[in-house]
Each structure stands twice: as structure tokens, then as C-alpha cells.
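What Swiss-Prot records for this protein:
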type: ACT_SITE; residues: His115; note: active site, pros-phosphohistidine intermediate
type: BINDING; residues: Lys9, Phe57, Arg85, Thr91, Arg102, Asn112; note: ATP binding site
Amino acid sequence: MERTLSIIKPDGVKKNLIGEVVKRFQDQGIHIAALKMMQLTQKQAQGFYAVHRERPFFNSLTEFMTSGPIVVMVLEGDDVIAKNRKLMGATNFKEAEEGTIRRDFATDIEKNVVHGSDAPETAAFEIGYFFNDMEIVG
């Protein structure tokens, strides 16, 4: 059984897409093992995206991720990282397949509604960043 982290970004929360995103996960048989809404501080956003610290979009990304509440979830299931990434679609919504979350709801490459872990190692770090073991119901 694999786990991954999913975030509904501030634009997705603002557009009232929480239910739609959760429904898409559930329609694919993905178990939601943990879920919470929170408001990231600048320090939390910088820590979470530290891997991008030297990238030109880092400041813009952390400002955006602190611009409103987010929903963080632990998703669980067989091959859930790949399933989640397929449901999300390409980072650039213009390149995402029809019917994916980003193609259906994103407005630009940064405001692309959702974030998802890209590998088991990343998922382990990201899940631990937001959740402790007591908060995850597997």
C-alpha cells in the first residue's frame, strides 16, 4: 500500500473545488487517510518548497501558497502516486490531458489547483512535513 501527499492550493480552495477534487480521488478508489485545512506561514511554505529555493519562481510560489488556506491530504492505495499524478495532469495545464484536474480548473502554471508528490521518497518527506502518525488513519 502506497501513500502520497496531495494539496489543494489556495486557488482551488478559493474556487470551492475541495469537494470536486476529493470526489475525483474517491471515484478512482483512492483512500483519503488524512485531511486538514490550514493556512501556511511564509516559513512553512519556504521549508516545504526548499528544494526549489534557487529556482526563479521560488518567491512567487511561496507567496502564492501563503495567499489563502490550503487543504492537505494523505492519499493511500496501490500505485497511488502515479494515479494521483494522472488525475492532476501536467504541471502546465495547457499540456494536461482533457478531464484532469489541472486542465479543467487551472488558470496558469502556478495557480494549477493541486500539488502531488512525485516519488515515494518525496511523498515520505511531504507527508511528514504536515502530518504525524496519529493523524493518519490507514
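Any Cβ shown, glycine's included, is placed from N, Cα and C.
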Rounding to whole Å, the Cα atoms of Arg102 (ATP binding site) and the residue listed as 'active site, pros-phosphohistidine intermediate' are apart by 10
Minimal Cβ count within 10 Å, across the binding-site residues Thr91, Asn112, points to Thr91
Three-state secondary structure, which DSSP defines for Thr91 (ATP binding site): coil
Rounded to an integer, what is the Cα-Cα distance in Å between Phe57 (ATP binding site) and His115 (active site, pros-phosphohistidine intermediate)? 15
Compute the C-alpha separation of Lys9 (ATP binding site) from His115 (active site, pros-phosphohistidine intermediate), stating it in Å without decimals. 7
Among Arg102, His115, the one of these recorded positions whose Cβ has the fewest neighbouring Cβ atoms within 10 Å: His115
